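Novice: Okay, handing you the structure first.
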Amino acid sequence: MTAPRRFAGDTLVIASHNRGKVREIADLLAAHVRHFPSAAELDLPEPEETEATFIGNAALKARAAALASGLPALADDSGLWVDALDGAPGIYSARWAGPEKDFGAAMERVRRELEAAADRRGDRARFVCALALAWPDGHVEAVEGTAHGTLTFPPRGGKGFGYDPVFIPDGHACTYAELDPAHKHAISHRADAFRQLLARCFA
């Protein structure tokens, strides 16, 4: 079995145009990387997500950014998996928000579809985060993290982004969007994925 490739250097492109996500990733990697140019800052195009899995889409985005920038790049593909909706919105979580990235509308769609499903699995859900670290030569290291919880409506809290206001992680009474950001970083699906990535490529 080939040993994982280690990151070496002080600059890592964050292959995202989502400012909230870029900020969260930079916070999680601040002890290991000095510079975090984003895909938006480098004016890199957003590749179409054509893969069928979170890891597939993360790898696609990371490779595209690494090739375009000539630097190592990290991409995240994350989403909300609702048990009663057979995993939807899943890899289409961002698309449910539309081109305007209206997650208020996306959360309302989840609520409506959950109501219509009337499934015995109820409001159980999980957030999934796949991380892919790519180099300009095309090599990719990838991991996947999860956080289990329940959905709540109406949305609560203003500290998060995406579907954070409707997701209550197991063991908590608050939504992701009501939690202190440092606490959310410690328990989130992204934190789970980052713990794996740090052990694999940065330790």
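The backbone N, Cα and C atoms fix where each Cβ goes, glycine too.
So Swiss-Prot has the following annotated:
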- ASP77: active site, proton acceptor (ACT_SITE)
- SER16, HIS17, ASN18, ARG19, GLY20, LYS21, SER78, PHE161, GLY162, TYR163, ASP164, LYS184, HIS189, ARG190: substrate binding site (BINDING)
- GLU48, ASP77: Mg(2+) binding site (BINDING)
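Quick one: how deep are these features, and who are their neighbours?
Specialist: Classification of ASP77 (active site, proton acceptor) by DSSP places it within a strand. Around ASP77 (active site, proton acceptor), the C-beta neighbours below 8 angstroms that are at least 6 residues distant in the chain are GLU49, PHE54, ILE55, GLY56, ASN57, ALA58, LYS61, ILE91, CYS129, ALA130, ALA132.
Reduced to three states, the DSSP call for SER16 (substrate binding site) is coil. Using a 10 Å radius centred on the Cβ of SER16 (substrate binding site) and all shown protein chains, the other Cβ atoms total 23.
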Novice: Based on Cβ atoms within 10 Å, give me the single least packed residue among the binding-site residues GLU48, ASP164.
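Specialist: If we count Cβ atoms within 10 Å for the binding-site residues GLU48, ASP164, the smallest count is at GLU48.
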Novice: Kindly assign GLY162 (substrate binding site) to one of the three DSSP-derived states: helix, strand or coil.
Specialist: coil
Novice: Quick check: of the binding-site residues listed here (SER16, GLY20, HIS189), which one has the Cα closest to that of GLU48 (Mg(2+) binding site)?
Specialist: SER16
Novice: Which Cβ among the binding-site residues (ASN18, SER78) has the fewest C-beta neighbours inside 10 Å?
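Specialist: With the binding-site residues ASN18, SER78, fewest surrounding Cβ atoms within 10 Å: ASN18.
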Novice: Identify, among the binding-site residues GLY20, GLY162, HIS189, the residue whose Cβ has the fewest other Cβ atoms within 10 Å in this structure.
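Specialist: Relative to the other binding-site residues in GLY20, GLY162, HIS189, GLY20 has the fewest Cβ atoms within 10 Å.
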